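According to TrEMBL, the protein has these features:
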ACT_SITE  LYS132  active site, proton donor
BINDING   LYS96, GLN117, LYS120, GLY171, SER384  substrate binding site
BINDING   THR216, ASN247  NAD(+) binding site
SITE      ASP172  site 'Important for catalysis'
Amino acid sequence: MTTRSASTSTLDHLLTEIEHRNPAQPEFLQAAHEVLETLAPVLAARPEYAEAGLVERLVEPERQVIFRVPWQDDRGRVHVNRGFRVEFNSALGPYKGGLRFHPSVDLGVIKFLGFEQIFKNALTGLGIGGGKGGSDFDPHGRSDAEVMRFCQSFMTELYRHIGEHTDVPAGDIGVGGREIGYLFGQYRRITNRWEAGVLTGKGAGWGGSLIRPEATGYGNVLFAAAMLRERGEDLEGQTAVVSGSGNVAIYTIEKLAALGANAVTCSDSSGYVVDEKGIDLGLLKQVKEVERGRVDSYAERRGSSARFVPGGRVWEVPADIALPSATQNELDENDAAALIRNGVKAVSEGANMPATPEAVHLLQRSGVAFGPGKAANAGGVAVSALEMAQNHARTSWTAARVEEELTRIMNDIHTTCHETAERYGAPGDYVTGANIAGFERVADAMLAQGVI
Ligand code: NDP
Ligand code: 2IT
């Protein structure tokens, strides 16, 4: 048996064991599978990783916390949700990753997100470990007062597990500036500490970093631009399809426009909007950020250039590039086939794991440049780490400085993924490049720190 096939069979064995140990966690198994299936060449080249049981240790979170979150609605009715924080890996720094409030949240979803976060955070080159948390609480249709009471109850348990040197949460689906404010207030009240570095995504006037709200979307567009540059093209004049209409989607659309491209779609769980003239960002921000409304209201107010397609998916709209920015598994093999039929050149993941494995393989086989989320959407957590640095130094940087750092980091991530893929015999394969480069950095740190 050659070394390569030995490492492949070790990985197959490991995957079977992971499936056995983590039943009913399909998203986590999907994420683990997607990473492990690309690691055979690096395990063959570096036998010391297998000897140190690195993959076995990496797929097991260092700590998992599950807790009850009771809260009262505006009519005084009591609700009970479940809270999670999965502290996955701290070899490179304090656990770092967002909180997701969405009814689909369960332990498997949080573990998939935490697992991805380990490699993503490693790719930023900064000192942050991987973690994720959240709740099955659904903020849709809840008043500010209800959201505040929920956040206060959530933090009343979470506070004992986090800290600027321990674990630093931020936002994700359903958690934005409003929620971070309520969470920070309750942390400060319970601990009697003005500990800015315990959460990121704070308001700019009280410890937040400029450009953090924009960072994920901006970063993904910069990553897509770098992939196009590699092929001798740029974003100028390109048409883009974007899914979602939350934080990531909005700032993706903004950066596309700044670089001369035109986003013609956005969506939410009710359906999508296609706007021939290009999405009007002022109107979208008004509908989604100010009114917390639905995208059909955008179409109603925009006039004849826009229409709302209930229940549809944006991937049927012809475009040069596609930037999925809503949620996991929102782009399947049929969607990928539609994009390819319409001549798509690049797909870059703003969301975490939005493309199914079948979709990723089809896009790659068809020669489409594919940017995996753990590389392409790392700009958000990278600027979170810059927020931590500013908090630690008790200072704040200008927007221009943060954006310059973000641009450098995204270009570095692109180069790292590209070069790593080449080094391991998979030129142009950003999935393999991102997985191996992220893995190597974490694995080397774990190797140096002993069996813990
Ligand atoms: P938001 O809550 O701001 O927006 C989420 C958007 O996605 C909404 O339009 C929402 O529609 C839609 N959406 C969510 N779940 C579903 C679903 N099950 N089906 C259809 N549509 C859905 O979240 P973000 O923009 O912050 O996050 C979007 C994605 O980007 C997530 O995958 C997140 O993990 C990822 N990400 C976020 C980062 C950040 O800094 N915020 C950083 C890196 C990645 P609706 O309101 O109808 O639910
Ligand atoms: O998925 C992600 O990278 C995020 N939700 C951002 C995490 C963070 O700590 O800023």
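Backbone N, Cα and C define each Cβ position, glycine as well.
TrEMBL entries are annotated by machine, without manual review.
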Spatial neighbours, same chain, of THR216 (NAD(+) binding site) - Cβ under 8 Å, 6+ residues apart: ASN247, VAL248, TYR251, GLY350, ASN377, GLY379, GLY380
Cβ-Cβ neighbours of LYS120 (substrate binding site) (radius 10 Å): 28
In sequence order, those recorded positions of LYS96, LYS132, ASP172, THR216, ASN247, SER384 whose CB lies under 6 Å from ligand 2: LYS96, ASP172, SER384
Rounded inter-Cα distance in Å - LYS132 (active site, proton donor), GLN117 (substrate binding site): 8
Contacting recorded positions, sequence order - LYS96, GLY171, ASP172, THR216 vs ligand 1, Cβ under 6 Å: GLY171, ASP172, THR216
Span of the substrate site, taken as the largest CA to CA distance across LYS96, GLN117, LYS120, GLY171, SER384 (Å, rounded to a whole number): 16
DSSP three-state assignment for LYS132 (active site, proton donor): strand
Least Cβ-crowded entry, counting other Cβ within 10 Å, from the recorded positions listed as LYS96, LYS132: LYS96
Spatial neighbours, same chain, of SER384 (substrate binding site) - Cβ under 8 Å, 6+ residues apart: LYS96, ILE128, VAL168, ALA170, THR200, GLY201, SER209, ARG212, ALA215
Near-site residues: substrate, ref LYS96, GLN117, LYS120, GLY171, SER384, CB cutoff 8 A to centroid: GLY97, GLY98, ASN121, ILE128, GLY130, LYS132, ALA170, THR200, GLY380, VAL381
Proximal but sequence-remote residues of the same chain as GLY171 (substrate binding site) (Cβ under 8 Å, at least 6 apart): GLY98, LEU99, GLY177, GLU179, ILE180, GLY201, ASN247
Pairwise CA distance, ASP172 (site 'Important for catalysis') versus LYS120 (substrate binding site), rounded so that it is a whole Å: 15
